Amino acid sequence: MGIATESQQENKAPSESTAAEKKRWSLNDFDIGKPLGRGKFGHVYVAREKKSSQIVALKVLFKEQLKQSQVEHQLRREVEIQSHLRHPNILRLYGYFYDQKRVYLILEYAAKGELYKQLQNCKYFSERRAATYVASLARALIYCHGKHVIHRDIKPENLLVGAQGELKIADFGWSVHTFNRRRTMCGTLDYLPPEMVESVEHDANVDIWSLGVLCYEFLYGVPPFEAKEHSDTYRRIIQVDLKFPPRPITSSAAKDLISRMLVKDSSQRLPLHKVLEHPWIIQNADPSGVYKC
Ligand SMILES: Nc1ncnc2c1ncn2[C@@H]1O[C@H](COP(=O)(O)OP(=O)(O)OP(=O)(O)O)[C@@H](O)[C@H]1O
């Protein structure tokens, strides 16, 4: 079972084949380099596709572990969804292959690694940096929603940074095609909107809530509803108990945007195209869409 890589403009796939010609990948197609990190189900290595010399990230997952955790279905959905998305702020999944013990995902290489680590190092981001990231995420989510895909798990751990400093949404493990409204409970509590915490129906507007949470975390270094106990986070989300600390000093325009995204009634959240038109984004986001450190 090889995967076809369709021809496209940006983030060119290694040894791109035409749509008609399906490429069957194998480990022999790659030179494996240093490990980039490890996740719950396996390891990620930098690799070079021999024919094109393109650098990719090769994610190696152990079938046994996937089976034990009953996530094969989730992985299949992730691959199906992510391999069809083409956006500069969405990590490309070029293809996959497998052998007896392992599944290999061929991913776009994000040279600057995890955004989470950068946020930990700086504690919080400048308004210019935060707004640039929020704008690129809003554009990527508009693209996803246009394809009836909701991500449902937007958080710093799922964001990688490319060589130019551009943000890349990775990890579509919780994403869904949303022709129907969803009722499933998923994701880490901190980033979940009230309707998902309460397990009522939810739609693409869940991603607006998560973007609001992320914007807050970029500016203050912690998510807005954080609490020691799970039950307190739960209560704070349900009540939309949103408080802005006095430090770091943040503009009222930033607080205004966050307050418009973190609205309990999902239909009243600021639509993503309006997020892009919000004065705080207009004034602060770098028009190139890239934050240069
Ligand atoms: N495309 C990539 N480019 C560069 N580094 C990557 C890439 N994908 C993963 N990494 C690095 O490898 C690490 C492990 O990635 P992986 O996706 O397996 O796990 P995770 O998302 O961190 O954890 P989990 O398995 O819990 O979802 C990441 O934390 C990141 O540092």
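The backbone N, Cα and C atoms fix where each Cβ goes, glycine too.
Features reported for this protein in TrEMBL:
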type	residues	note
ACT_SITE	D153	active site, proton acceptor
BINDING	K40, K59, E108, Y109, A110, E157, N158, D171	ATP binding site
COMPBIAS	1-18	compositional bias 'Polar residues'
CROSSLNK	K155	SUMO2 cross-link
DOMAIN	30-281	domain 'Protein kinase'
REGION	1-22	region 'Disordered'
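Other Cβ atoms within 10 Å of the Cβ of the residue listed as 'active site, proton acceptor', summed over all protein chains shown, number 21.
Under the DSSP three-state reduction, N158 (ATP binding site) is assigned to helix.
Most buried of the recorded positions K40, K59, K155, judged by other Cβ atoms within 10 Å, is K59. Here the C-alpha separation of Y109 (ATP binding site) and the residue listed as 'SUMO2 cross-link' works out to 19 Å. In this structure, the C-alpha atom of the residue listed as 'SUMO2 cross-link' lies 10 angstrom from that of D171 (ATP binding site).
Among the recorded positions K40, Y109, D153, K155, the residues whose Cβ sits under 6 Å from any atom of ligand 1 are K40, Y109. In this structure, the binding-site residues under consideration are E108, E157, D171, and the one with the smallest number of other Cβ atoms within 10 Å of its Cβ is E157. For the binding site of ATP, formed by K40, K59, E108, Y109, A110, E157, N158, D171 according to the record, the largest Cα to Cα distance is 20 Å, rounded to a whole number. Counting only residues at least six positions away in the same chain, the Cβ atoms of I169, A170, D171 sit under 8 Å from the Cβ of N158 (ATP binding site). Mean pLDDT of the predicted structure over the domain 'Protein kinase' (30-281): 91.
For K40 (ATP binding site) paired with D153 (active site, proton acceptor), the C-alpha to C-alpha distance reads 16 Å.
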